[in-house]
Amino acid sequence: MDMIRRWWWRRKNRSESNLQASYWNTFFRAMAIGLLGIFVPIYVYLIGVEWGSGWKTGVVFLMFFLALTRLTVIVAVWVTARLIEVKGFRWSITVAGFLGVVYYGLLVMAERSVWWLVPASVVLGFEIVLYWIPRLSMNVDFGHKERMGKEIGVRNMINRGSSVLGPFAGGVIAGMWGFDILFGVGVSVLVMSLIPIYFMEKHKHEDGVGFGDLVSFWKDEKQSLVSFWGQGIMDGVSAWIWPLFVFIVIGSLEELGAVTSAALGVSMLGVFLASKSFDWLRSFGGDEDERLFVTGNVITAVMMVVRGLARGVWSVFGLDLLYQAALPWMSVPLYGYIYTLAERKGVVRVISYREIFYSLGVVLVAVVGVVVLMWPGGWQIVFGIGALGGLMTLPMRKESNQ
């Protein structure tokens, strides 16, 4: 392995080799999440429906699962942040990969006893922390400020590109052979995503994450933490509420997967254009990239609300396509600003505190969802809250050209 790794590093300079290895990790993980991601909310929801007396029980199960997962993340940050610093990023991502295997195994067992959803959500919470803190930190370490938008765009396009067939294939597999087989296929790809990690250099940071430091960080960076909270609200609605809404509207796993795959595929042009535009506007040194971010943010918020009006396969496809096309014009600058803040304030420090406030946003979605989704018009209210969450990230534009 060491011989192969040394050969990989000699191909180009180490910075580029590390970056390419991170792209391959993104590719395989996105493929696994593409197969599994949108179907986990449906799976948990259906377990609740079968256990209880109807769709309302399914919603309660899903919101409980979501809230417990993100509350675990908040606890896990304090437990593991120092360990991640000591052991390094490669060790952390490897452990996260094996926790992912355990997580999907527990989900399979939950079909036999709903109580397995509790340890499954706890394991997922630790997996999120052990993967995403080092993964986002490495994006900062391996990145180049002058082409930040391009690198974010490449990851985004890899995410979408490798995920294009995932939802469609996942829907077919789940519909024909069941969730057990789907989870098995997805886990195999997830394990493959660990291989590129060992072609990266070892990374460690000593940022000193702690409660006292969080208080100090809050005093200096209130706007950033509020933005992270808003991002969690928006993503919580998109990743958990939207798939459930589409499934209820369409009623078919295969069609849900096909619609999601098609929207992701067509929207890749938006990712390419947004990433190129962000770098080009930043090169002028003014506030043009801020205007791009604000415009993209507002359009994304509008589309978040509008797609809640979908009532059939074609309207779901059309409205989700417009949302997915608008999203990169917000998300590319947003992650650029997050990485800029991390460079200034400490990589692990910023990413760890982001996970805490991001998770608080997702927990809010779960708490509101378990109540509001029972009301007439509740879906539109939740999508409106998701749109407001996206607008809450606007203060991050302060990091423009820092």
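Glycine is treated like the rest: Cβ placed from N, Cα and C.
TrEMBL annotations: computationally assigned, not manually curated.
TrEMBL annotations:
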- 21-46: transmembrane segment (TRANSMEM)
- 58-79: transmembrane segment (TRANSMEM)
- 91-110: transmembrane segment (TRANSMEM)
- 116-136: transmembrane segment (TRANSMEM)
- 181-199: transmembrane segment (TRANSMEM)
- 228-250: transmembrane segment (TRANSMEM)
- 256-274: transmembrane segment (TRANSMEM)
- 326-344: transmembrane segment (TRANSMEM)
- 356-375: transmembrane segment (TRANSMEM)
- 381-397: transmembrane segment (TRANSMEM)
Feature contact check the transmembrane segment (21-46) with the transmembrane segment (356-375), CB under 8 Å, 3 or more pairs: no
Long-range neighbours of the transmembrane segment (381-397), counting only residues six or more past its ends (CB under 8 A): 223-224, 226-227, 229-234, 236-238, 241, 290, 293-294, 297-298, 300-302, 304-305, 307-308, 330, 333-334, 337-338, 341, 361, 365, 368-369, 372-373, 375
CB contact flag for the transmembrane segment (228-250) and the transmembrane segment (21-46), at least three pairs under 8 A: yes
Region pair the transmembrane segment (58-79) / the transmembrane segment (256-274), three or more CB pairs under 8 Å: no
For the transmembrane segment (326-344): best-contacting stretch of 91-110, 116-136, 256-274, by Cβ pairs under 8 Å: 256-274
Sequence-remote partners of the transmembrane segment (91-110) [C-beta within less than 8 Å, at least six residues beyond its ends]: 25, 36, 40, 43-44, 47, 80, 83-84, 116-117, 119-120, 123-124, 126-127, 130-131, 133-135, 179-180, 183, 186-187, 190-191, 193-194, 197
Beyond the flanks of the transmembrane segment (256-274) by at least 6 residues, Cβ under 8 Å: 38-39, 42, 149, 153, 156-157, 160-161, 163-172, 174, 243, 246-247, 250, 292, 296, 313, 316-317, 320-321, 323-329, 331-333
